[in-house]
Amino acid sequence: MMTAIIVRSPIFPRLTRSRFEMSALTIFSDSDPSQPIWHSTDAEAIRARLNAKDVRFERWQADRDLGENPDAETVINAYQHAIDRLVAEKGYQSWDVISMRADNPQKDVLRQKFLSEHTHGEDEVRFFVEGAGLFCLHLDGEILQILCEKNDLISVPAGTPHWFDMGSSPHFTAIRIFDNQEGWIANFTGDKIADAYPRLA
């Protein structure tokens, strides 16, 4: 049976996240969060739209058995081949694993941190190997909401204002790839625009 999570917002009442690994792209104007101007769950249509904005989006194979609550070493060992491919392509210097579950005592604090619009001085590269999360990009007068599911690889260009929503009951594991040895470094914009747009339940 398919289980769906419905996002409810006082502005845009519903966005569906499927547990059947259905990625989605919803586009809004950055001046009107009341109505989306484009939506698709077709992976090729999503890829084409995002590639036109210089956002890399691809479907890779996340087919390794990681167990119930895999540690970082298990995930990296399982997907070293994917990491090696990215390093060979772009010369990335470091990587780690972010894994979040609904019982994590820090989930609310971390959710709020990632929900604040920010930029990075490097591309933000994520390969989702379990679960799902919502990337929201503020580009060219639009808000692009990308529901990334297991198997999705996304690379957000350096300097792109964006935020990330893991939901109130998060469940995801993603490999993060960096251009530097320090890892995740954010520059927060102070813009509250994220508060106006749909979030995961």
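Glycine is treated like the rest: Cβ placed from N, Cα and C.
What TrEMBL records for His118, His120, Glu124, His162 is Fe(2+) binding site. The feature Ni(2+) binding site is assigned by TrEMBL to His118, His120, Glu124, His162. Residues annotated as site 'May play a role in metal incorporation in vivo' in TrEMBL: Glu117. If you look up TrEMBL, you'll see Asp123 marked as site 'May play a role in transmitting local conformational changes'. Taken from TrEMBL, the feature site 'Important to generate the dianion' applies to Arg126.
Every protein chain shown contributes to the tally, and the Cβ of Glu117 (site 'May play a role in metal incorporation in vivo') ends up with 18 other Cβ atoms within 10 Å. Glu117 (site 'May play a role in metal incorporation in vivo') sits 17 Å from Arg126 (site 'Important to generate the dianion'), taking the C-alpha atoms as the reference points. Of the chain residues outside the Fe(2+) site list His118, His120, Glu124, His162, Thr119, Val156, Thr160, Pro161, Phe164, Ala186 have their Cβ within 8 Å of the site's Cβ mean position. Ranking the recorded positions Asp123, Glu124 by C-beta neighbours within 10 Å puts Glu124 at the top. Taking the Cα atom of each, Asp123 (site 'May play a role in transmitting local conformational changes') and His162 (Fe(2+) binding site) are about 12 angstrom apart. Counting every protein chain shown, the number of other Cβ atoms lying within 10 Å of the Cβ of Arg126 (site 'Important to generate the dianion') is 20. Across the fold, the C-alpha of His118 (Fe(2+) binding site) and the C-alpha of Arg126 (site 'Important to generate the dianion') stand 16 Å from each other.
Annotation note: Arg126 (site 'Important to generate the dianion') sits in a strand segment as assigned by DSSP. Set side by side, the binding-site residues His118, His120, His162 differ in how many other CB atoms lie within 10 angstroms of their CB, and the most is found at His162.
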